[in-house]
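According to TrEMBL:
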type    : residues                 : note
BINDING : E76, D96, I98, D99, D230 : Mg(2+) binding site
Amino acid sequence: MVFQPIHEDEQKFVDFATILVQKAGTLVRNAFEQTESKVDTKLSDTDLVTETDQAVEKLLIDGLSKEFPDHRFIGEESVAGGAKIEWTDAPTWIIDPIDGTTNFVHRIPMIAICVGLAIKKQLRAGIVYNPITRELYSAQVGNGAFKNGFPIKASKNESLKKAILCQSLGLHNRVYFGDAWLDVAQSNMRNEALAGVRGHRSFGSAAINMVMVAQGSCDGYVEYGIHAWDVAAPAVIVLEAGGCVIDPTGAPFNVMSRKVLAASTPVLAKDLSSILTHVTFEPEAI
Ligand code: LIP
C-alpha cells in the first residue's frame, strides 16, 4: 500500500505528536522512579488511575490542541472525568496516557503511552511508546511500522500450534458480566491450549500485547472489554507491520466496539476466532 495522506498536514500532525509523546515519556519515567504512586480506582478495584495518567493526558491534549485548535480528542482520563466521546470526521487523537496503569502502579516496566490519529473516522497513525524501555513504536497507513526507526514485521505464522498468544483472564470484565466472565475466559484459554498453542503471555497492556504481535514476537492477541484508547494506536502498527486486526467474531475491526483480535496472519486470526466464546458490548461511539 502506498502512503497516501487523506489530509495534507498528516505528516506534520504525526511529527509534532511524536515529539510530545517523548516529552511525556520523561514525565512518566520520573514518576516510575518514585517509590510509589497515589492510586485511585474508577469502575472497579482493578481499574486504576494515577495523577501521572492525568498529567500525561493533560500534557498531550494541551500541546496538540494548542498546535492544532480544530482537532478533537478522545482521552481515557477525560472520558473517565465525564467528557463525551465525540467520534466525527475531524482529525481526532485517541489517547491512553499510560496503557498498563496497573503495571505502572506496581512498577512493572511494561507500560505504554498511546496516541492514535483518526481522520474521517479512519485510523491513520499510531504511536506507542514504552518510556521505561525507551521503545518507540510508530506507523502511518501506507508507510510501514517501525520500532525506534527500524522496520518491524509480524510473523508469518498461520498455525495455532506454533503460536504464542497474548491473553489474560481480563478480570476487568467481572464488573460487566460478574463471575460468569471467568467461565468464558477460562474456556477460551482452555480451548486455545487444547488447540496446541505454544503458550500464553500477557504483558498487562493491550498496546504492548499488540506491538509484540507487530514485531513478530507473539502471534496473536484477543481481548474483550478494552477501549478505543487501548487499541487505536497499536492497531495501525500491527496492520502496517503486515499483521491482521479484526473483531474477535471475525467481523471487520471497529475501534469503538470494545473488543479486538490481532494476529500475524488472516489464517491464524480466523482459526483463533473460531475457537472462542464471544461477548458483546455497547459500542463506545457510532
Ligand atoms: C489496560 C489494558 C489491558 C486491560 C486492562 C486495562 P489501562 O488499560 O491495556 O489490556 O486488560 O484491564 O484496561 O487501564 O491500564 O490503560
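Just so it is clear, glycine is given a Cβ too, placed from its N, Cα and C backbone atoms.
Fair warning: this is a prediction, and the values are worked out from it, not measured in the lab.
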Binding-site residues compared (D99, D230) - highest count of Cβ atoms within 10 Å: D99
CB-centroid shell, 8 A cutoff, Mg(2+) site E76, D96, I98, D99, D230, site residues removed: D53, I95, P97, G100, T101, A112, C114, S205, A206, A207, H227, W229
Neighbour tally for I98 (Mg(2+) binding site), based on other Cβ positions within 10 Å of its Cβ: 31
Least Cβ-crowded entry, counting other Cβ within 10 Å, from the binding-site residues listed as E76, D96: E76
DSSP three-state assignment (helix, strand or coil) for D99 (Mg(2+) binding site): strand
